[in-house]
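Copied from TrEMBL, the annotated features are:
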DOMAIN    77-168  domain 'GHMP kinase N-terminal'
BINDING   PRO109, LEU110, SER111, CYS112, GLY113, LEU114, GLY115, SER116, SER117, ALA118, SER119  ATP binding site
ACT_SITE  ASP160  active site, proton acceptor
DOMAIN    236-304  domain 'GHMP kinase C-terminal'
Amino acid sequence: MNTIKTPSKIILFGEHAVVDGYPAISMALDLKTTGEIEENFDTISIDLVDLNEIFEITPELIKNLEISNFSPALKYVICAVKSVIFYLSEFKNLKEIKPFKLKLYSEIPLSCGLGSSASVVVTVIRSISNFYGIELDNDETINLAYSVEKEVQGRASVTDTATISLGGMIEIINGKYKPMPKDLEEFIKTCKFLVVNVEERTRKTAELVHDVSKHPEKEQIFEEIGKIIQNVRQVTDKAELGKLMNENHELLKKFGISTEKLDLVAKAGQKYAYGGKLTGAGGGGSAIILLKEDREELLKELKKIGVIGIYECKMAN
Ligand code: MEV
């Protein structure tokens, strides 16, 4: 049996600005999806272990399978299976679609901006290409995963697929991704983050992106966020990094995409840790806090606020 592990992601700085061609910095997170793949007798079998959903089909029927009637999670997985098999057959000389059994497990909370779907899609792509003994490079994996996300959800973010495929820390600008300087990555590796799943998202990413695009001070705010990112490139100290997170949160608030609870959690991070901000599109979802060694007061405060889940995380390779 072959096992593949794929990280999740957070946007550290620059969400929304990145949609307009400004830079963003994102980081792979050590909450992971695991894929276990092995030969099967006569069918392609997919087992979403945590969701208790099993799907089975013969290899002959997978290529033309219509995904619209499946559950949200199976839509991503089946679309990824179809896409990678199509790609390997068309461009990588895969002759025979041997049956396999793929089990997927995930530690990543759903629908809160941590890239759970991109992580599952990348796991499926890598598990299947490995199973057939064909290596896909990072760009091929990122492009395939991006097209799956786009097909299933209508819009997709290269931030998610690139960060999750490459691991570590990357900068995204104008739809292109590049690694961050090694010394900055080494410093961020020493940081511990609390990822707080604050509340269910009440607004869709597309709607929030649209609202931001209409904001009268958009350019000015994005310029300010761009300056924060320039400062992040030089940062060597956790207190300074936390301060930049706080500043980014205040700028995002101006767009009206934060919520009362996201603000409370960010404030708790600002008061009881090095800093805090919302991460991702906003409208609910997640916040990140840069942790200090002592977390007692912070955890008490989060308990008082009442959040869905908290995860202590660090950068994943
Ligand atoms: C959503 O996770 C992040 C946004 O910047 C949208 C995107 O980058 O596609 C709001």
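Heads up, the Cβ atoms here are built off N, Cα and C, so glycines get one too.
Features as recorded by TrEMBL, highlighted on the structure.
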residue: PRO109; record: ATP binding site; Cβ contacts under 8 Å, 6 or more apart: LEU31, SER116, ASN197, ILE308, GLY309, TYR311
residue: SER111; record: ATP binding site; Cβ contacts under 8 Å, 6 or more apart: GLU200, ARG201, GLY285
residue: GLY113; record: ATP binding site; Cβ contacts under 8 Å, 6 or more apart: ILE10, ILE11, ARG201, THR279, GLY280, ALA281, GLY285, SER286
residue: GLY115; record: ATP binding site; Cβ contacts under 8 Å, 6 or more apart: SER8, LYS9, ILE108, ASP160, THR163, ILE164
residue: SER117; record: ATP binding site; Cβ contacts under 8 Å, 6 or more apart: TYR76, GLU149, VAL152, GLN153, ASP160
residue: SER119; record: ATP binding site; Cβ contacts under 8 Å, 6 or more apart: THR6, PRO7, SER8, LYS9, LYS32, THR33, SER106, ILE108, ILE164
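Per DSSP, the domain 'GHMP kinase C-terminal' (236-304) is made up of 38 helix, 11 strand, 20 coil. When pLDDT values are averaged over the domain 'GHMP kinase N-terminal' (77-168), the model yields 96.
For the recorded ATP site, residues PRO109, LEU110, SER111, CYS112, GLY113, LEU114, GLY115, SER116, SER117, ALA118, SER119 set the reference point as the centre of their Cβ atoms, and the other residues of that chain within 8 Å of it by Cβ are SER8, ILE108.
Ligand 1 lies within reach of none of the recorded positions SER111, SER117, SER119, ASP160, judged by a C-beta closer than 6 angstroms to any of its atoms. Secondary structure at GLY115 (ATP binding site), as computed by DSSP, is coil. Across the domain 'GHMP kinase N-terminal' (77-168), DSSP classifies residues as 56 helix, 7 strand, 29 coil.
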